[in-house]
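For reference, Swiss-Prot has these:
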type	residues	note
BINDING	Gly633, Pro634, Asn635, Gly636, Ala637, Gly638, Lys639, Thr640	ATP binding site
DOMAIN	595-832	domain 'ABC transporter'
TRANSMEM	34-54	transmembrane segment
TRANSMEM	323-343	transmembrane segment
TRANSMEM	377-397	transmembrane segment
TRANSMEM	409-429	transmembrane segment
TRANSMEM	435-455	transmembrane segment
TRANSMEM	508-528	transmembrane segment
Amino acid sequence: MVNPSPASFWTQANALLRKNLTYQRKHIWTNVRLILVPLFLCLILLAIQQVLDALMKGVSDMSNCGGNVTLPGGICPIPNPPSLPPMLQIPQHELRSVKTDFFSYKDLPDKLCRETGSCPVTILFTGDKLPLGKALSANIFSTSFVVNSSDLLPTLANNVLGSTEAAGEDNYEDPGIASDLPIYSIQPSCSANSTWPLSLGQIQTAVKCVQGLCLWRNNSVEVNDELFKGSWRGNPAGMPNEIVAAYDLMSTDRKNFNVTIWYNSTYNDEFATGQALKLVRVPRSINLISNAYLKFLKGPGTRILFEFLKEVPKEETKMNQDIASLLGPLFFTWVVLLLFPVILTSLVYEKQERLRIIMKMHGLGDGPYWMISYAYFLTISMLYVISLVGFGSAIGLKYFRRNDYSIQFVFYFIYSNLQISLAFLVSSIFSKVKTVTVIAYILVYGTGLLGSFLFQKMIETQSFPEEWILAMELYPGFSLYRGLYEFSQYASRGNGMKWQDLSDSGMGEVFCIMSVEWFLALIVAYYIDQVFTSGKHPFFFLVNLFKSPSSLPRRPTVQRLDSKRVFIDMDKHDVTQERESVQKLRNEGSTGHAILCDNLKKVYPGRDGNPPKMAVRGLYLSVSSGECFGMLGPNGAGKTSFISMMTGLLKPSSGTALVQGLDICKDMNKVYTSMGVCPQHDLLWETLTGREHLLFYGRLKNIKGSDLTQAVEESLKSVSLYDGGVGDKPAGNYSGGMKRRLSVAISLIGNPKVVYLDEPSTGLDPASRKNLWNVIKRAKQNTAIILTTHSMEEAEFLCDRLGIFVDGGLQCIGNSKELKSRYGGSYVFTMTTSSKHEEEVERLVESVSPNAKKIYHLAGTQKFELPKQEVRIAEVFRAVEKAKANFTVFAWGLADTTLEDVFIKVARTAQAFISLS
């Protein structure tokens, strides 16, 4: 027994879930291969790790270490690190600050000093008290270079030393201390050729005197301006004018020491220099201003002696680089993102092949579709990432083992949901699988490369604004990369990431960004799907709150009725009658007819300078339950546009239609629950059997249990797909005719109230066609059927009424006998003779029908239309027998008007009228 009530949300969800499980069972190895992709990729990492370990083993040979000298990469132990003198970072002589067009300060040296190499180095001062600034600046530099080789570092610390070379990555060695590089002693003034030899360990170098200038500026704004313009990027001339350091003494006095220090951070800027992070020579700047203040308070003999810089002793460095942590962000970004094209192409494939819309036409709501599809993709995604983490941990990758598994689970769970939501969002924009596949893989690999070569450098650059980092993380690919980068950093440090590290690592912000984007993307994707795919009003979520029940018929206004009268005189009598019948039914509020089309119109907008195209011109039509209405018409007449509006593929430009009392403009989702559709092209899953198709669509029609089994069996038998186990074979193995029969069976299962059949017997052999016609004829007992066809035989056999559609409008309507009687009031007389007897044939026809009209003439064969009112069939036979005695007649015939003749006549007449108009 078929359940007449529509399927509930959970019934629809159950139907789709069962269908998807069946479909995935047939693709089980595809899913297994997908889930095993992480294992394959982890094995590649393991192989690379083993090769790298073998290479590092040779490099790590401690026999190459001698004393405290380290190999490249710093693998040797250093039990006694060297003591290094502290120095200031000073610019090279051609980069030092001088007078320029964009620097108006008169106390700067002339730029000619750059040619002689005698430019001083400059330190700027500002603050609230000028006298204090003058006093402190006078105490900054020592007036001479004094050193005692027997007590080298303490005596060297009394001098202010500087280097033009940037500091190293650590203090085990200083690149500024080399035999070919001088060290500078900064003094208030220098005598000519002030150079001193200096021995630092095994390195023989020289100390050169360089003048140091301490200049006062009125406020910190001036200091900032001078520092900014001193960079080659900060002035229009592109000319460097570098300052050593700057001090803002602010409120410093004898009781308070409050100083801000400016220094050049570009020397350790990896993003700017393209080199590894380096130390900056800031400690000596702090020591200088501190000593100057102490001398101001206590006299010249008071100071804090800054003797040397020294690293802690270092053990041997094991050369066992963890490749997973090194390549992790880039590699695992690609691994996780590989799911995005899989999900996206799956969604777009259903859209491209119109599988989703055919499911919707048979009653599948948007809610169940979204829920089941989302749950499936989430399940696959979680199995995929669990496989990734599990296999990575099993083969010993520290990247996974050291980081807290619960943090990893939450991270991958949130991103998987975000990725699925984005796939739904992007799928609403595209309709071609090939296009979206190319775009998806470009995004996958582009995201990884940009993350590695751009975004990671920004993260590691301390001076890069945090706000810009957060802004870039709004792109989901970069938020994924940031999370994976933090995992790799914590894993390489040895401890791994714990929950208490979220605020320190930036993972907390990543979690928040991804969570918010997950929900926003899901909401926007659903909104776009409802507006652009389902055709709802942009404010449908507000309209639903205030709309009145749409099932109540609307009574036309007086203005609306008057506007219709303009067209009545232009229509044929039968079309006018149909219009009046529909208007009467609407005025009376009748809901007895299964289908009522009320002034239904569809206009396609003009393109490329062409005018708008009127596809359906104000159609009025009523179809009652138990009736099969056939639509005939030439190609381009508007039949497909009409069916598309009735099935929800297109929105009417104006007018409406009621199906079972429900307005297709407002209640299409409810209409779908009582509708069956056989589209012009078979929309089937190639790997599902005919039985599985019918089980799925039967469940959507709320058929359950034994009723479902019985309905499926009867459907298979009725369309001859039962015998020989045909119904249990994949639909991809069916012939075109078998697929057509299955599509018809799908449209009829569950006894829908309304069925649309678009050329249902296309591609069938005569026997199968007759059988299918009988199936449709039996099914229409309690169903309203609208059928489009080009077969006149099919139309006569199945249809209770016919309508001929030309240029978007009904030209006539009625049953086949009425149409033939109305438009075919003549016989067709055909005779074939030799060409020399053609005139005699014409005289014969004129003798039996003076008003006959020749309609065909070719090589001795002629056809004539004979008006029925002036022709007696017996006279025609006698005339032909008499003619046979005079000349040879090869063939002749007399036929009544066929439906095809009517169709051709009506179509030609209508098109001729339209052309004249």
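From the backbone N, Cα and C atoms, a Cβ is placed for every residue, glycine too.
Owing to the predicted nature of the structure, the values given are computational and were not obtained by experimental measurement.
Every protein chain shown contributes to the tally, and the Cβ of Ala637 (ATP binding site) ends up with 24 other Cβ atoms within 10 Å. Neighbour counts were taken at the CB atom with a 10 A radius for the binding-site residues Gly636, Gly638; the maximum falls on Gly638. Within 8 Å of the centroid of the Cβ atoms of Gly633, Pro634, Asn635, Gly636, Ala637, Gly638, Lys639, Thr640, where the record puts ATP, the same chain has further Cβ atoms from Phe805, Val806. Note: Thr640 (ATP binding site) has non-local neighbours Gln680, Asp758, Thr788, i.e. same-chain residues 6+ apart with C-beta under 8 A of its own C-beta. Touching of the transmembrane segment (435-455) and the transmembrane segment (34-54) is ruled out by the presence of fewer than three CB pairs under 8 A, sequence neighbours closer than 6 excluded. Around Pro634 (ATP binding site), the same-chain residues six or more apart in sequence whose CB sits under 8 Å from its CB are Val806, Ala907, listed in sequence order. Between the transmembrane segment (377-397) and the transmembrane segment (508-528) there are fewer than 3 Cβ pairs closer than 8 Å, counting only residues 6 or more apart in sequence, so the two stretches are not in contact. Counting only residues at least six positions away in the same chain, the Cβ atoms of Met631, Gly633, Thr788, Phe805 sit under 8 Å from the Cβ of Lys639 (ATP binding site). Comparing Cβ neighbour counts within 10 Å across the binding-site residues Gly633, Asn635, the minimum falls on Asn635. Among residues of the same chain six or more beyond the transmembrane segment (508-528), those with a C-beta under 8 A of the stretch's C-beta atoms are 366, 370, 410-411, 414-415, 417-418, 421-422, 424-425, 428-429, 470, 473-474, 476, 479-480, 482-483, 486, 502. Mean predicted confidence for the domain 'ABC transporter' (595-832): the pLDDT average there is 89.
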